[in-house]
Amino acid sequence: MDPQRSSVVPPFGGGNNTIRAAIMVVVMIVFSGYLFLWVMIPTNPYRLNWLPEIRKQTTSTYFGTIQGATYLMFAFPVLLIAVLGCVYVHLGKKSIDNHTKGEINGNNNNHRLAIWKRPMIIKGLGIVTRIEIAFFIMFIALLIWSFATYMRINFATITPNTAANKGQLVWEVKLDRTSDWLAIVGNIAFVFLFFPVTRGSSVLPLFGLTSEGSVKYHIWLGHIVMTLFTAHSFGYVIYWASVRKLHKLLEWKKTGFSAIAGELSLVAGLILWATTFPRIRRKMFEVFFYTHHMYIPFVVFFIFHVGINYASMMIPGFFLFVIDRYLRFLQSRSNARLLSARVLPCQAVELNFSKTTGLSYGPTSIIFLNVPTISKMQWHPFTVSSSSSLESDTLSVIIKGEGKWSNKLYQLLSSSIDRLNVSIEGPYGPASTDFLRHELLVMVSGGSGVTPFISIIRELIYTSKNMKCKTPEILLITSFKNSNDLTMLDLILPLCGAPSEFPNLDLKIEAYVTREKAAPPKEQENTKIRTVWLKPNPSDAPISPILGPNSYLWLGAIISSSFIIYLIFIGILTRYTIYPVDRNTNKIYSTSSRALLHMLFLCIGIFIAATSAFLTNKSRNAREITSQIQNMEGATPQASPNSSFYYNADRELESLPQQSISQLINLHYGERPDLKKILFERKELSVGVLVCGPKKMRHEVANICSSGLAANLHFESISFGW
């Protein structure tokens, strides 16, 4: 290790790290026990001994004979992990700077796990690491184990005599049971379905994951859930047809399982599922976006179908998702303060928003944008190109016109407009990065894939200038179709706040223009970047953390308090409304009514807790936001775009990035980069290889890094918005 790097010692946070280590131990114990429970559910010891005893001990007039045991075994462990995760992430943010953290914690662990982190390309799964494959295989093994155990135990009790007693054949009884088990096994995947898409999750960071990087797990789980649920449904259709009971398809029983609710849930799920396949999603994104809201009837009718007693096993993940979704709704109700836009000749635009100094985020973070002028419903993710360290009061995103929505945005900003209403959710991203552990960073991008690398470079500019640790060398290999696209490289530096040179940052840029054989004549060049200064409304607010600087502690309070409120309401409901009628038999009070009331009180608990936390932090942030807006009023040019003042300011602002960045660029026309040669020639001990761009490019780089011919290459695929 470099002596300069090894000398970096966190100035504080040792106690925090000890607490975080203790939290992680507790989380691992609870999580292991939770997984062990799912392994044991199909077995006789669980069904005949453990479950009856636990239900006996937890039966009460407040939670009935089933609900208390379900909460204890399936809801409490997950919510405990989520609350502990909030404390863990909060302490991680407070302990040491993200860069230093990545430096200190990254080296040994990552070298030890280097083999397991090597990428693999598997058809149907895409680029995955060996760790992901190992966990995927273990999860599939859990599903197979559960199904096989149910089959072994139950098939042993099915004989010609037992089937004849029901007036059925043996195969019909087995089909009935098999269809049931398919749904039960599908429920295991359903338990984890919503964790990867909870953007502000406190659970994912415990396992080193982000919601953006975990979307593929949501896709895998979704395919498994819908495959098993569809097989379950068709199995029952065949079964009911064979025993001449197709009328059961139209049953909605007062108690027990409701067939119609299950069918409605399946229909919603199939509509959603049909639009998730890559070809449809890419060609018809709007269809995919709108149909994905079918998850609401899918989940609601699923709960009506199985009843709340059974659905409570799957509820925790969805409960955390609803909390996150409601907080995002609250954040998106106000317009963000859009200060300016840099309009590029390559159909790209950089939006510059005001943000509070208390909002910090890591490189490669993502925000979701809504522009009501274009569409009131559509939200699109984009990678943040700014650095919260380098630009303390602004946040920037770069958007390339590659679809209907983004092209309309470019046209709007290219016209003469004074302001633009924009709502924002986020930013979301990694709590920390470990780029400093490498001697060299090789960033490979195609087209707009350069965007996340701009945020990394800006972060490293700040690190090289302000922190006492060595930054890695940077080699940016970027490919564009046309020379106009090269203007995106001028956005590496922000409008303001960046140094005029890179004294401590070793940055080299190899830019390839693939569809042009030579540089165009100067008279044909169109490299002018136009800055559009906007005039926000007084009500437009700087982007701020939805729950303040201690957002994860507030999130932990929301999770715990909202569930407690829900339990109080349900306890009162059960004791004074359901129990006098049902007497804990679960055979009299309507299953659908019970499920509806549970869903209602769950939402009420979330509404009370989350709204209270939001309003408390909103009032605390109001003074800082007001002061910041007043300070910025004089900073925004008030002249019209046609005035000489506007033009001169624009020219002065843009000359610095173009002059300093152009000296670092080595241009190649009419060719593509030989990535294999470039990467294999690097002899540094640790080379971080980051790639963002088209699927073919990502797979090519992944194959190079996984070939085993260069042990010093460490691959990472970067997610970015459209």
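Glycine residues also receive a Cβ, built from the backbone N, Cα and C atoms like all the rest.
Unlike curated entries, TrEMBL annotations are predicted automatically.
Small disclaimer: the values here were computed from a predicted structure and weren't measured.
The transmembrane segment annotation in TrEMBL covers 21-41 (among others).
Proximity of distant same-chain residues to the transmembrane segment (71-91), defined by a Cβ-Cβ separation under 8 Å and at least 6 residues beyond the stretch ends, is recorded for 16-17, 19-20, 23-24, 26-27, 30-31, 33-34, 37, 54, 58, 63, 201-203, 205-206, 312-313, 315-317, 319-320, 431, 550, 552-553, 555-556, 559-560, 563, 567. For 71-91 (among others), the entry in TrEMBL reads transmembrane segment.
TrEMBL lists 127-148 (among others) with the feature transmembrane segment.
TrEMBL lists 181-198 (among others) with the feature transmembrane segment. For the transmembrane segment (181-198), same-chain residues at least 6 beyond its ends with a Cβ under 8 Å from one of its own Cβ atoms are 38, 142-143, 146-147, 150-151, 154, 204, 209, 211, 214-218, 221-222, 224-225, 227-229, 231-232, 235, 302, 313-314, 316-318, 320-321, 324.
What TrEMBL lists as transmembrane segment is 219-243 (among others).
Taken from TrEMBL, the feature transmembrane segment applies to 255-275 (among others). Within the chain carrying the transmembrane segment (255-275), a Cβ under 8 angstroms from the stretch's Cβ atoms is held by residues 222-223, 225-226, 229-230, 233, 248-249, 281, 284, 287-288, 291-292, 294-295, 297-302, 304-307, 586-592, all 6 or more beyond its ends.
According to TrEMBL, the domain 'FAD-binding FR-type' annotation covers 331-434.
According to TrEMBL, the feature transmembrane segment maps to 552-576 (among others).
Per TrEMBL, transmembrane segment is recorded for 596-615 (among others). Remote same-chain residues near the transmembrane segment (596-615) are listed as 300, 303-304, 308, 315, 319, 322-323, 326-327, 330, 546-547, 554, 557-558, 561-566, 569-570, 573 (criterion: CB distance under 8 Å, separation of at least six residues from the stretch ends).
Per-residue confidence over the domain 'FAD-binding FR-type' (331-434) averages out at a pLDDT of 89. Under DSSP, residues within the domain 'FAD-binding FR-type' (331-434) fall into helix, strand and coil as 12 helix, 38 strand, 54 coil. Looking at 21-41, 219-243, 552-576, the range that has the most CB pairs within less than 8 A of the transmembrane segment (127-148) turns out to be 21-41.
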